[in-house]
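Below: one structure, written as structure tokens.
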Number of protein chains: 2
Amino acid sequence: MVIEVVRIGQRLVRDDRVTTHVALVSRAFGAERIFMTEINPEIKDTLGKINDTWGGNFEIEFIDSWKPIVKKKKEEGFKIVHLSMYGEKINDAQEEIRKEENLLIVVGAEKVPREIYELADFNVGVGSQPHSEISALAILLDRIQGGQQFEKEFPNAKRKIIPTKTGKNVQVKETRD
Amino acid sequence: MVIEVVRIGQRLVRDDRVTTHVALVSRAFGAERIFMTEINPEIKDTLGKINDTWGGNFEIEFIDSWKPIVKKKKEEGFKIVHLSMYGEKINDAQEEIRKEENLLIVVGAEKVPREIYELADFNVGVGSQPHSEISALAILLDRIQGGQQFEKEFPNAKRKIIPTKTGKNVQVKETRD
């Protein structure tokens, strides 16, 4: 399954840390790429450093507007999953979504354009109570991958955590460059 | 199962929105209360308004420091679950945690005191990659409740979402006060 994420509707500065966390969740939970309209080089810098230290090739792509990418991905056969507290229950929708090959997940901020509800193949609610786009994305990615995203290796990591019941155990790969 | 959350180590202002999202996730995912050391009346105000509109009795309690509450809860028979990217894999730990009656979940920010690793009954990693305390908390709460937290009613709500595949469907309860 190929998973990509697009972040829409965020407000400059106010949503920067939340957008960074959305990008971090995308990466840590097995997505390959996030598209975002906010041209914030700091977010790209943060994620670049994290790839460098913790491995993998997660990508951030800045886009001018969300609609062309959603339409392009649909044409390429991606199914569009829009996270919304108004959507269908994830407990009901997850079985269908799991069967898909390629997903573009749309993560909105406070205000999203109405049109996305029509363009989406699935409007999914992670509960019907307000919480956070960060948690909604995490739950969706966990449910559709059945937790297996956490078993995946991130190649070329300089540091790797060995899970342990107490304290910290980090493998550090020495390089000579 | 009674679930409470304590937020530790956050930095003033910089972490405010993240702390708000941690509180929102706690509420939406079935915890009864969050303890926090940051005296930010805005967070309490936000959550109060959300209870008012969307129901339930979720509580925020401001505390002077985290250690007395962790020790008190331990004495009361709560098990302490500390979320840490260095911890034991959640895929392995979740079965044990599910059997517990009362849980206090410790959600750290960037820096946490070493002592918490010793005080905790479980140090749990939601993956071993950096992401967000918001997503880590959400996954833990979802896994230990098997998704059933989303079926729970929030009593005395003024507005209630009826999940739907397209658009928005909100039941509004009229009051005459």
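Just so you know, the numbers here start at 1 and follow the chain as drawn.
A Cβ is built for glycine as well, from the same backbone N, Cα and C atoms used for every other residue.
Fair warning: this is a prediction, and the values are worked out from it, not measured in the lab.
In this structure, A:Lys111 (S-adenosyl-L-methionine binding site) belongs to neither helix nor strand by DSSP; it is coil. Note: A:Lys111 (S-adenosyl-L-methionine binding site) has non-local neighbours A:Gly9, i.e. same-chain residues 6+ apart with C-beta under 8 A of its own C-beta. Annotation source Swiss-Prot lists S-adenosyl-L-methionine binding site at A:Leu83, A:Gly108, A:Ala109, A:Glu110, A:Lys111, A:Val112, citing sequence analysis.
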- prompt: So which other residues, same chain and not among A:Leu83, A:Gly108, A:Ala109, A:Glu110, A:Lys111, A:Val112, have a Cβ within 8 Å of the centroid of the Cβ atoms at the S-adenosyl-L-methionine site?
  reply: A:Ile8, A:Gly9, A:Gln10, A:Ser84, A:Val107, A:Glu133
Among A:Leu83, A:Ala109, which are binding-site residues, the residue with the most C-beta atoms within 10 angstroms of its C-beta: A:Leu83
- request: Might you list, by sequence position, any residue in that chain lying six or more from A:Glu110 (S-adenosyl-L-methionine binding site) with a Cβ less than 8 Å away from its Cβ?
  value: A:Gly9, A:Arg11
Field: Cβ-Cβ distance under 8 Å to A:Val112 (S-adenosyl-L-methionine binding site), same chain, at least six residues away
entry: A:Ile8, A:Gly9, A:His82, A:Ser84
- prompt: How big is the S-adenosyl-L-methionine site in terms of the longest C-alpha to C-alpha distance among A:Leu83, A:Gly108, A:Ala109, A:Glu110, A:Lys111, A:Val112, in angstrom?
  reply: 12
Statement: A correct count of other C-beta atoms within 10 Å of the C-beta of A:Gly108 (S-adenosyl-L-methionine binding site) gives 20
